[in-house]
Amino acid sequence: MSTLRLLAPTHKPFLLKSSTVGHPLEHTIQLLKVSADTKNLRLGKMIHAHLIITNQATKDNIVQVNSLINLYAKCDQIMAARILFDGMRKRNVVSWGALMAGYFHNGLVLEVLRLFKTMISVDYMRPNEYIFATIISSCSDSGQIVEGWLCHGYALKSGLVFHQYVKNAIICMYSRRSDVKGAMSVWYEVPGLDVFSYNIIINGLLENGYPSEALEVLDRMVDECIVWDNVTYVTAFGLCSHLKDLRLGLQVHCRMFTTGVEYDGFVSSAIIDMYGKCGNILNARKVFNRLQTKNVVSWTAILAAYSQNGCFEEALNFFPEMEVDGLLPNEYTFAVLLNSCAGISALGHGKLLHARIKKSGFEDHIIVGNALINMYSKSGSIEAAHKVFLEMIYRDSITWSAMICGLSHHGLGREALVVFQEMLAAKECPHYVTFVGVLSACAHLGSVQEGFYYLNQLMKQTGIEPGVEHHTCIVGLLCKAGRLDEAENFMKSTPVKWDVVAWRTLLSACHVHQNYGLGKKVAELVLQMDPGDVGTYILLSNMYAKAKRWDGVVKIRKLMRERNVKKEPGASWIEIRNSIHVFVSEGKTHPESNQIYEKVQELLTMIRPMGYVPDIAAVFHDVEDEQKRDYVSYHSEKLAIAYGLMKTPSGAPIRVIKNLRMCVDCHSAVKLISKVTNRVIIVRDANRFHCFGDGGCSCADYW
């Protein structure tokens, strides 16, 4: 026993138990079990060595060898466990079960299935419920659907399905394989439900897109007074997040207080996520602030809550405090931060994050690559987005969709369709959002026949039901082709619940194509749906102004006053050396306003010989023409572009963000400014990206 004395005093209680002194085998088995359960490999090896030295180790002692197999399997020494197993002259069900569990927990699920086949065909042994639960879980993890069905059949015939472990494993298998019908049939038809059964089925229903059914199961769980565990609360909060049901979320949170469930990192993060997705950022922050221990998951959850509620700057400004706490971001944290940069087109900040991602080694994570594509696309650098796309080692359907939508939004319709064809060639299945980007690209190109092919044939072939977004793209497609009457008839004849966005698409086309009669009719319809839609009032007013119907302009302005609808002041911002400079139309709050105004006048003087004439048609009729010219001359985007030209190196692109739709005058002026200055000027307005270069624009003068 000299070797075992080395264990003192840590394991002294085991050595001094008088009940085990006369039973050295029981004593050894007990110590091996403790070593396995605590994953104390050093202790286990010492016991094994002691057995070998004292000639107590024998291949014929099944209980002893099973204990050693269990030890090595639980301590991730699966090869050592297998050597012991293969050396046994005789095995029992425990021998097989211990080794299978080891392979399963080490992720070697196919080896589990091979062992099972050997067990029943060579040793002619029948599995118990624990082994069978491991087998079914292995089928689930490895995607062996046919084997899973066969195991389900075996469980029914043998009666093993009535064991709770087995039943839960079968439900989980069907849920993970998206066979909701199969999971529900087992759940309903086989008696006996515990908290694990409920957790599995609720989570399975939620992940497979059945939130209403998941809510019904949760209600049943409450009715049957099943005691919830932490996993139940995480799942329930996830359901509230999916439904965006704040009332239900508050009820679940209150239940936690009354039942005294302990907060752990997963539950706390689920609560923060729920409040964030339900739009209650204040409660999300309160929960976060009360956490005694914060980890990267809870930090990422609160940053995501800010980002999801449009508080992009708050998310970016809050991030440094995470590092003060000594925590490093993971791939999900970086994805949230990049999406926050995308929300405010903070290209400089996004580039800094990209550099840090490279340094941290997260660049090859798909979620990070997708967020980088989104950030660069929405910040006006589609070339950088495409470079990230090309350099990605792994891509999923989100990657392809982000690239297609980014190209389409930048007016690069043909390039977007080329990427879509590459996606199909790569056998990546397009989804709902993919086709929004594809149909938007067709709309930009005016490819009517191609657009209808994707809508009516390819979408159905891929099993995607066209939604209102896809049909709105078709309306835009017909409008771009100048077929406004067809667009109106398409909207009337298609059984779709059209929203304000769809009708405003037709209204914008009426403005571009100067079809004021139809435009007035559509505008009245939109204002019935949403009396507070400022953009519709402005478009209708501009149409009246261009038709020199000043009585109509007065009527619209009066209507806006009566309904207390106020036009949002035009604002543009530009990022120079990581600082954001904001400009409002005719504003003079910037410290360098005088120089900026002089630069605007200089630019306008340069483009007048090229044919520029201020477009004052939509300006209020009750002011002089000179005042009208001054009004359009100092729109916010002109001020921002002038400042960008003053402060950036020659040849560098200018990127400006605008909160409203770009006006016709600014659009005409910026096209010519891009030519005389030999600059690429990118303006992201409320509708789309405009990439100006060499006197032209990527929108082809249609927006």
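From the backbone N, Cα and C atoms, a Cβ is placed for every residue, glycine too.
Sequence annotations record features per position, and here TrEMBL assigns repeat 'PPR' to 92-126, 194-228, 295-329, 396-430, 533-567. According to TrEMBL, the domain 'DYW' annotation covers 611-703.
Here the repeat 'PPR' (92-126) has long-range neighbours at 62, 65-66, 69-70, 72-74, 76, 78, 81-82, 85, 134-135, 137-139, 141-142, 144, 147, 158, meaning same-chain residues at least 6 beyond its ends whose C-beta is under 8 angstroms from one of its own. Here the repeat 'PPR' (194-228) has Cβ contacts under 8 Å with residues 164, 167-168, 171-172, 174-176, 178, 180, 183-184, 187, 235-236, 238-239, 242-243, 248, 255, 259, 261 of the same chain, all six or more residues outside its ends. A mean pLDDT of 94 is what the model gives for the repeat 'PPR' (295-329).
Under DSSP, the residues of the repeat 'PPR' (295-329) split into helix, strand and coil as follows: 26 helix, 0 strand, 9 coil.
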